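This report refers to the structure that appears directly beneath it.
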């Protein structure tokens, strides 16, 4: 007789394993699961584990040709969310072998690629990931990190100051360069291309790069300080992006910029490697993040996107401002700011940190407070972010 019955089987028979002891090499995920009415939470959690690892909707004969026990994701714990009806945190452990080394792209394709459209779930949110050292060690991480950046800039013991050039679209390259010069000459450390400044008809990228480089050198000569302008290398193809980064390097400027979510993790990791090889700092903007992280019960929390960026590589990343927001936001924001900067971060549910994260020796990323802040926010910002941050006005 055949060794299995055809037909749809309950996932929880195979993928819900409450007695499982997680391994130090497992990637652990915390999902906020909202099952459809009538679907038990164990089945919903197991469905997530199955569909994001080895499972499919039925048993197939090729299952016998591999070791499911070795390769399957396991839902090992489920807890109800306090104050929410029919919402659960499902903890899933993935064996390390399911993931390609050094690829954030593959990690996300596996963990969040398919499960979010699942019929048994009303909504699903990835709240946190625990990246084991065995996996994080396969990534280069940030091109330089906080300490090396301070050494390159010769600026210590204070937050770095920057601003975004406005109006963000419509200036000619020459006038744009003028604005950069005035800001840097006036005392800022950095100026920034807006995230939507790429290479538009009114200002092509190469013209902007040349005028900004001129502004940087002039301001440096007059102030005796090292200055920078985040030249946005984001482009329509990754080859064009690398070409723009190479041009920035030839001009001798210290830093380039990338929109990592719209540009994609594959392009970002390539650019990050190039930046380390060529001594460029890399500023990361998170355009499109709110599409993914704004809903409370569906999507991916920004702390996961921040962890992914630290692995893919970036020296700065925009991380919200806290100022003027609700107090609760403050703890959660500081939670992922610590995840960006520190080596070792303890589990702390009050700050939204579901797992203890050990980055071992991976360099840190400077959090950038940007968007709607002005000089009156200064005391609050320095108190919240401390010295290792970039405060960007305008």
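For all residues, glycine too, the Cβ spot is worked out from N, Cα and C.
Residue 166 (active site, proton acceptor): 11 other CB atoms within 10 A of its CB, across all protein chains. Sequence annotations record features per position, and here Swiss-Prot assigns active site, proton acceptor to 166 (among others) based on similarity to another entry.
Positions annotated as active site, proton acceptor by Swiss-Prot: 285 (among others). When secondary structure is read from DSSP and collapsed to three states, residue 285 (active site, proton acceptor) falls in the strand class. Residue environment of residue 285 (active site, proton acceptor) contains 28 other Cβ atoms, counted within 10 Å of its Cβ in all protein chains.
Residues or ranges marked as substrate binding site by Swiss-Prot: 114, 164, 168, 286, 318, 370. Remark: residue 286 (substrate binding site) has 259, 260, 261, 302, 305, 317, 318 as non-local neighbours, by Cβ distance under 8 Å and separation of at least 6 in sequence.
If you look up Swiss-Prot, you'll see 192, 194, 195 marked as Mg(2+) binding site. Sequence-distant contacts (6 or more apart, same chain, Cβ under 8 Å) of residue 192 (Mg(2+) binding site) comprise 162, 163, 164, 165, 229, 230, 257, 283, 392. In the three-state DSSP scheme, residue 192 (Mg(2+) binding site) is classed as strand.
Under the heading N6,N6,N6-trimethyllysine, Swiss-Prot lists 5, citing similarity to another entry as support.
Taken from Swiss-Prot, the feature N6-carboxylysine applies to 192, supported by sequence analysis.
What Swiss-Prot records for 325 is site 'Transition state stabilizer'.
Among the record's substrate binders, 114, 164, 168, 286, 318, 370, no two C-alpha atoms are more than 37 Å apart, and one pair sits at exactly that spread. Between the CA atoms of residue 195 (Mg(2+) binding site) and residue 285 (active site, proton acceptor) there is a gap of 7 Å. Here the candidates are the recorded positions 114, 194, 285, 370, and by Cα distance the one nearest residue 166 (active site, proton acceptor) turns out to be 194.
Listed in sequence order, the binding-site residues from 114, 168, 194 having a Cα within 10 Å of the Cα of residue 285 (active site, proton acceptor) are 194. Listed in chain order, the residues near the Mg(2+) site other than 192, 194, 195 are 164, 165, 168, 193, 196, 197, 230, 232, 257, 285, each with its Cβ within 8 Å of the site Cβ centroid.
Residue 114 (substrate binding site) sits 33 Å from residue 194 (Mg(2+) binding site), taking the CA atoms of both as reference points.
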